[in-house]
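Novice: What follows is a single structure, and I will ask about it in a moment.
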Amino acid sequence: MLDVCLVKDAGNQRGCASTHHHQRAGLARPSSYCAPGQLGVPSEGLSALWRTGGHGCPAFPSSVPRRGLAQGPAKPTPAVKLRTRLAVTLLFGGGILGAWWYVRSEKRQRLQLQRVEQLRQAAVGLGDFRLVDHTGTPRTKRDFLGRWVLLYFGFTHCPDICPDELEKICGVVSALDREPGLPPVQPLFVTVDPERDDVAALARYVRDFHPRLVGLTGTPEEVREAARGYRVYYSAGPKDDDDDYIVDHTVLTYLINPDGLFLDYYNRTKSGEQIADSVRNHMKTYVKLFPQ
């Protein structure tokens, strides 16, 4: 008996009447006969899948998926598992880092407030001063109200510390000037050596630093009163054969807010970047004490 399967080839059908032959001859179909509807595959798709597997039944390769069969949920690949672990690790690590940074900032701010409060209790920066600037103009504390001030006490004959500190202060002023939205900072230099640092000496000295730097001098008593207001210690040393001497003095830079009140101080160990950060933070949190 000839078994020929129905084949679709480019729209042309060829075939034989094997099925009809069985029917006409009254022959029963083999028990292994597979009708197209029993395969779970539409008859029009058989042309791509049909192979003779014995008794006219197609044999399907095990690699050919059968549609309509439930395959269950897809298992995550190793790459997906790795990405998930990395994401969890980053989130956990970020939380720890954020908590550490918060505690560190709180501690630093608390220490800063304690330090400032100690100086405020000592009445630092209270009172007024009456001095003369490097142009010969009389100056008082009121002349600098409404401005942020970085104030330093020193002397023009200082060999290293005073020039270094003034360079640092003026660098901070210039750095903050470059930041839009921040008010300008006024640098002030008060001499603790009024016998040698007259108006002319201050004028020569301040021009080597920042164009806004103002030098202040006065009589020995006026300078003493100004230094006392900021708890600045100074003492002239013995003179040498050339009548030259060194003045020992407190090395601090004071931050004064626009209300004329002492706000913070910085010693020699503070870098220019640290001072700039501190001044910037004070500016952001400043609330005017005496509103207009």
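Glycine is no exception: its Cβ is also placed from the backbone N, Cα and C atoms.
No curator has checked TrEMBL annotations; they are predicted automatically.
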Novice: Just to be sure I read the record right: C158, C162 are listed as binding Cu cation in TrEMBL. Which of H210, H249 is listed for the same site?
Specialist: H249
Novice: Beyond the listed site residues C158, C162, H249, identify every same-chain residue whose Cβ lies within 8 Å of the center of their Cβ atoms for the Cu cation site.
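Specialist: Along the chain, the qualifying residues are F153, G154, F155, I161, E165, V192, V247, V251.
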Novice: Look up H249 (Cu cation binding site) in the DSSP assignment and report helix, strand or coil.
Specialist: strand
